[in-house]
Amino acid sequence: MQLFPVSVPQQIICFHYEHYSLVGIEICKLQAHPRIAELSKNGDIILGGIFNLHSGSYELSHSYTRLPDEIHCRSFSLGSFRLAQTMIFAIEEINRSNTLLPNITLGYRIYDDCISSRIATKAVLALVNGEDKTVSDLKCPAHNKVTAIVGCDGSSQSIAVARLIGPFRIPMVSYYSTCSCLSNRREYPSFFRTIPSDYHQSELLVQLVKKFRWTWIGTIRSNNDYGRFGMQAFVKSVEKLGVCIAYAESFHRTDPREKVSQIVEVIKGATTKVIVAFISVTEMRILLKEIVHKNVTDLQWVGSEAWVTAQVLPPEESATFLVGTIGPTIRRRKEFWETAFDCILKIKNFTDQEKYPKQCSGEENLLEATDKYLDRALRGNSYNVYKATYALAHAFHKMFSCENTKRSSISMHFTEHTNLQSVHFTTKAGDHVYFDENGDAVAIYDLVNWQTNVNGTVEIKIIGYYNGTSTNDEKLVFNEESITWTTEQKTVPRAICSESCLPGTIKVSKRGQPICCFDCVQCADGEISNTTDAIMCLTCPPRYWSNQGKDQCEKKKVEFLSYGEILGTVLATLAITGVCLTLAIAALFFKHRSSPIIKANNSELSLLLLLSLTLCFLCSLTFLGEPSAWSCMLRRTAFGVAFVLCISCVLGKTIVVLVAFKASRPNNKMLKWFSAKQQRLTIFALTFVQCFTCTLWLTISPPFPVENNMYYREIIIVECDMGSLTAFYCVSGYIALLSCLCFVLAFIARKLPDNFNEAKFITFSMLIFCVVWIAFIPAYVSSPGKYTVAVEVFAILASSFALLVCIFGPKCYIILIKPEQNTKKHLMGKETSNKRAI
C-alpha cells in the first residue's frame, strides 16, 4: 500500500542521482548501487536511525583519479547495537500502545555510520532518497521515505547530517551528540537532542574549577567537534575567572602513538597535576594506556561525561591511575540500573519486594557490571534513544490530533510545522521530556567520583548533581567532604602556578608566562598593598609612611631635637652649666668689685659681658624642643642680639686696653674720647644695629616652622625655615664682621704690658670663637635633620665657653687661687718691669 508521494526535495536527490530529461520526463538515476539498511521494517511512518554499529573505520587514501573504494568498518560494537535495539524496542512498544498513534504503525530504517562523518552522510542520503535506482516525476518510489531521523552518536557525524538536512526541515533527534555548536538554530534549524548540550557540561566543569580554586590546570581534548567546541567553551569561561592553562593538548584516535607519547611527556613534566579531559572514550583509553605504560601517577582527572563512567582501564589499574577522578554523567534511570545488575531497586512501601530474590540499592559499583552490552547503556545512552523515539512519536501524535491533517501529507506537514519543538511528555520513569528554544534537553547531571572501597577496588559514587534550570548559585550541589582525591587524600589538590602574594607585595607577571605565573615583589618604601594578590601598590598619604611589612600606612615619626633625648639633654645641661658658671663668675666679680684686678679690667664692661654670655647660653635652649612660630622667631633674634652684645662688649674691652695704653704716654688726650659713657654708647649703638635688623626680619618675613621630608622620607623633620635668607645673612654677617674686627684689635694689643695684658686672652678667645664658627659651616651643611640643630647649639655653647673661660678664667684664678697677686703693688711692680723691658 502506497501512502506517501515523493515529498523529499529534489536538491537532495540530485546529490546522489544523475539528473537528465527524456521526452519531457524528468528522470534521476542513482550513480552507485543503493545502500541497504542494516535493520529495517516497513510501516505507515518510517523513522530513520543512524548508529555506530562498528567501533570505527579504516582511513583510505584518495588519488582523485578514480572512484574511491568502499570504506571498511572495524570491529562490531555490541554496545552501540544495543542502542539500535533500544530504538526498535521503543517503536514496537509504541505500536502496541492504544493511546499513542493509534491505528498507525511505525517502521524504521537503521544505518551504520562506523563513527565516520562520510559514512553518516551516505547513510542520511540513503534514508531520504530510498533504494530505487531511478526516480521520475511519473513514478513514486516503491519504498517509503523517512520523515525523521534518530541519531547520530558523535557530534561530528551529527554536524555533517544536520547541515545536510537542516535547510529542508527534516527533523533529527540525537541521543548523544553534545557539541554546544549544535544549539545554533541558524545553522541547524531541525536538530534536537535528548542529551544536554556541552555548554552546560562546560559550565559544570568551570564551577568545579572555581569551587576548588584551581588556577593552573592542563587540558586535553579530542581533536574533533566534540572536544573542540566543548573545550573552547570551557577555556573561554575559566579564563574569565583568571584561570591559566598550563598546556592544551589534543589528538585523534587515528594519530600515531608517538604523538600520544609526546602528550604524556608534557603531562609528566608539567607543574600541575589537575587535568580537565574533554575527550571521548576511545581517545581516553588510548591516552591512559600510554600513561600506564610510563607509570605517570598522582594525576587529578576532571573528566567529561563521555568517559567519566566508562571502564577505560582494568579494575586493578583504575585503582592506581584513576582514583579521585571527578566529573559529570547523565542521570541514570531506574530500569537500566536494574538491567545492569539484574536486580530490583529498593522502593519504600513496596510490599512485594520479598518476591524478588535480588535487590539493589542504587549504590552498586558500575565497574563490576561486566556485560559488554552495558558498556554504553549504563551511561544513559539507551534511555536517551528511548526518549528520542518517543519524542518523535508524540510529535506525530500531536500532528494527527490537529484537524485537516491527512496521512497522505504527513511528510510535508511534519517538516513544515514545529510539532517537535512543542513536545512535552512524561516517561514511565517519571521524567519530563521537552526541548528548549535551541532544541536541547534539560541539563541535569550527576556528579560522580572514583573512590576505593573497603575491598580495595574502585567504585564510582554519586557525590552531587547539576541542574541547568536552577539559578547560578544553586546549579551545582555536592558534598565536598565525601570526595576522594588522587592518592586517596581528603584535601583538595593544589593547582597553582605561583603562590598568592601576601599583603605588602604585588604580582608581577613573568616574562613569557601566563598571568597565573608571577613573582611577588615587595612594595617600595612609602607604598603598601593591603590585599592578597594585589596588582599595584598604593601610595601612602603625605603624613604617612609604609610600615616594615608594607601592608599598612603608619603616621610618620616626627623628629626634632627634644629635651628628652640624650643629645638634647646633654646640650641643655651644658647650657645650664654655662649659665650657672657665668652667674657664679658675675657674683664673684661683684663680691670682689673693689679688688685691684677687677678695677683694672673695667668692672662695668666685665659685668655687661657676663650678662651677654648668660644670654648666649640661654638662647641655645630656644633651639631645643619642637619648633613653633614663636620659638623660631626667638631663636634667631635672641642668637643675633645676644652674640652682637657679647662681641660688642669684648670689642669695647679691647678698645679700652688700646686706649688705656696710648693714654699712659705723656700729653695723650685719647682717653677722654673713650670714657665709660662713650663705651656704653658704642656697645648700645652696635647692638642697636642688630636689633633693628632683627626687627625688620620679624616684620617682613619672619622664621617659621616647616616639615622637612628631604632627608628621610619616612621621618618628618620639624625645623625652622629662615623666612628671609637676606635677613639671615645680614644678621650672621654682622656678627662675623664684629668678630673679625675684635680679633684684629686684640691681636694688635697682644704685646701690651702684663698689667693691661688682657688683650692676649681676648685674642685667644676670639681665635677659638672664629675657629668654632668657621668649622660650624661645613658641619651644619652636612648634618641631616635634627643634627643640624645640634651642631648649631654646640657652636653657640663652644664659642660662649671660649669667651667665658679665656677672658674670665685667669682673673678667677688670681682671685681664688693666687690672692697675693691681687694687689695694687703687684700690678704696679709688673708695670715698672714691663716699661724697662720696652
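Cβ coordinates come from backbone N, Cα and C, glycine included.
Taken from TrEMBL, the feature domain 'G-protein coupled receptors family 3 profile' applies to 567-831.
The transmembrane segment annotation in TrEMBL covers 566-590 (among others).
Annotated transmembrane segment per TrEMBL: 605-625 (among others), in sequence order.
Annotation source TrEMBL lists transmembrane segment at 637-661 (among others). For the transmembrane segment (637-661), same-chain residues at least 6 beyond its ends with a Cβ under 8 Å from one of its own Cβ atoms are 601-602, 605-606, 608-609, 612-613, 615-616, 618-619, 622, 670-671, 673-674, 679, 682-683, 686-687, 689-691, 693-694, 697-698, 731-732, 734-735, 738-739, 741-742, 745-746, 748-749, 752-753, 756, 758-759, 762, 765-766, 796, 799-800, 803, 807.
Taken from TrEMBL, the feature transmembrane segment applies to 681-700 (among others).
Per TrEMBL, the feature transmembrane segment maps to 726-749 (among others).
Marked as transmembrane segment by TrEMBL: 761-781 (among others). Same-chain neighbours of the transmembrane segment (761-781): 650, 653-654, 657, 736, 739-740, 742-743, 746-747, 749-750, 788, 791-792, 795, 798-799, 802-803, 805-807, 809-810, counting only residues six or more beyond its ends whose CB sits under 8 Å from a CB of the stretch.
The transmembrane segment feature in TrEMBL is assigned to 793-816 (among others).
Same-chain residues lying 6+ beyond the ends of the transmembrane segment (726-749) with a Cβ under 8 Å from its Cβ atoms: 636, 640, 643-644, 647-648, 650-651, 654-655, 657-658, 661, 686, 689-690, 693-694, 696-697, 700-701, 759-760, 762-763, 766-767, 769-770, 773. Note on the domain 'G-protein coupled receptors family 3 profile' (567-831): mean pLDDT across this stretch is 83. For the transmembrane segment (605-625), same-chain residues at least 6 beyond its ends with a Cβ under 8 Å from one of its own Cβ atoms are 560-563, 568, 571-572, 575-576, 578-579, 582-583, 585-586, 589-590, 598, 631, 634-635, 638-639, 641-643, 645-646, 648-650, 652-653, 656, 679, 683, 789, 792-793, 796-797, 799-800, 803-804, 807-808.
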